Structures are given as structure tokens and as C-alpha cells.
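As recorded in Swiss-Prot:
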ACT_SITE  Lys25  active site
BINDING   Pro109, Val110, Gly111, Gly112, Gly113, Phe114, Gly115, Gly116, Gly117, Ser118, Ser119  ATP binding site
ACT_SITE  Asp151  active site
Amino acid sequence: MGRVDPVSVVIDDGVGWSAWPAPAKLNLFLQITGRRVDGYHELQTVFRLLDWGDTIHLRVREDGQIHRIGESVTGVVEADDLVVRAAYLLKHATNVYLGADIFVEKRIPVGGGFGGGSSDAATVLLVLNALWHTRLDVAVLAALGLRLGADVPVFVHGCNAWAEGVGECLTPMILPGAAYLLLDPGVCVPTRELFLDPDLTRDASPATIGDFIAGTAFGNAFEPVLRRRESAVAGALDVLSEVGFARVTGSGSGCFVEFSTRDEAECALERLPYGLCAWVADGASRSPLLDVLKTMEF
């Protein structure tokens, strides 16, 4: 099986530019346990960060302006782009006089449930907080990130985590090393439509971290809905089921299988039919961005 990577575009880093990782994530399970009075659903999930993802290129501006170079996501205007919104959110929260140019080198498929937009936004918050010397602590940055999306805080904290609430109540977890065979079916189903689907299970019995550690398989609440609605997702899960326990990440449409070692994942990749958008990524013990930030002097 030949590997087919998501398309990426590379920028030549010139004077003043710096490059920063924005890792992808997987949801090792996801269930909905109820609905709050404000209409949001109560979730339980485990976030697993990956040692693979997008790259955010940043350059500090002295004139206070925020500019996006190119398009992070095709068709998304600059004002609606999460990376631009993240930069403005930090700027307004701190009254800093500086600005930034932002370029996103995309590898994470859009609409796949791999957390690309949220991770990109978190990287912008963390790195500009350092480059602008605004010195907000992680808890404050995570609170800002939550205003952009429920998945942003886990990337700000940069750790694998058990999550509850709308996904923002995090308990750090130490997960064993693993490698993942990922597959992008190439379809995007709006999350709102999935939450409105009458067949979605919204009243699962609450689980515990102990249940997860014991190996209880909870699955993903969105998987049966996606299977029914999208033949591409059903096909992807069926193909992956030939090599292991296939799961959906997030609200889809991305799918994955976990393996103990990268060699096992690579062997499984070779068994897939040619031409699929499939690749292998290692699980990370924590966000690679934190390691990069730790080595930098600001």
C-alpha cells in the first residue's frame, strides 16, 4: 500500500519568522452522557496527542496588525479563521501593542476529527504569549481557548487527558506508547447535524477513568450515525477492521487503529488497498510544542 499524505504547503522562513508544531489528536473513545440546560451536551472522552500535525509560522509585527498569509482552510475568510481569532483574543486580553503575521502549514485533514483547527489556535495562543511577552499562565490561556472551541484547552495544556463536560474539564493521563494507523475518508459532516440526528445516543451511563484503564471498550457515539449517513466512513471503518480495532475520532470523519509499535502500524498500512489517504503517526506523551517552548529563550 502506498502512503498518501494530506497536502501540505511550505513557506520559506525568512527574517523574523519562526515555526511551531501544532499536534493532532485522537479521541480514544467518546460518549455522550446527557445534555445541559444551556443545550450543550455532556461528553466523556480520552484525548490522545500525536507526534504529527500542522506547523504554524509566526512573525511578530511592530504595527499591532494581525495578518494571515494564505488560507488556513480553503474558503474560510481571515476574520473567521481560528488562528486569527486566537491572535486577536490574546491581543485584546493583554492590550499588547504588537501584532503578528501567521501562516499555517496544513497537514491535518479538515473536518476529520483530528483537532487541526483547535490545535492551530492553541499554538498561536501559547507562542504569541511567549513572543509578545504577555506572560499569561496556562490556566488563563486555556480559558481564552475555550472561547474559541471546546477542544482548544487540551492543546493549551499539552497533555493526554480524560475529558468531561463539553470536553474542557481535563484530568491529565499517562498513556502507554502506541502508534496509530490513520485514514481520512475525505468527507466532512457538520458536527451540529450529527448532534441533531435522532439516532445519536445521548444518555450513555457515565464511565470512570478506572473503567478506561481496565480496557472497557466504550466506542464512539458518532460512529453508528456516521456509518449510516456516510458510505465513505463506513467503507473506511470496514477496511481498517481488516487490520485491527477500527474507531472514529471526534465526530469524524477520520478513522484509526491503535498498535503497540510503529512497525506493526506500518505493516498494517502496507496491507490496505492502494490509493487511500492513510498514514502512520506515533502517540505523544505530551505536546511537542511544550518541548520546543521549553528550549527557547524569550
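Including glycine, each Cβ sits where the backbone N, Cα and C put it.
A map of Swiss-Prot features onto the structure.
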residue	record	contacts (Cβ under 8 Å, 6+ apart)
Lys25	active site	Phe47, Arg48, Leu49, Leu50, Phe114, Gly115, Ser119, Asp151, Val154, Phe155, Thr249
Gly111	ATP binding site	Val187, Cys188, Val189, Ser253
Gly113	ATP binding site	Asn27, Val248, Thr249, Gly250, Ser251, Gly252, Ser253, Gly254
Gly117	ATP binding site	Ser72, Val73, Leu82, Val110, Gly149
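Of the chain residues outside the ATP site list Pro109, Val110, Gly111, Gly112, Gly113, Phe114, Gly115, Gly116, Gly117, Ser118, Ser119, Ala24, Ile108, Gly250, Gly254 have their Cβ within 8 Å of the site's Cβ mean position. Ranking the binding-site residues Pro109, Gly115 by other CB atoms within 10 A of the CB puts Pro109 at the bottom.
The Cβ neighbour count for Ser119 (ATP binding site), using a 10 Å radius and every protein chain shown, is 29. Asp151 (active site) is surrounded by 26 other CB atoms, counting those within 10 A of its CB over all protein chains shown. When secondary structure is read from DSSP and collapsed to three states, Lys25 (active site) falls in the strand class.
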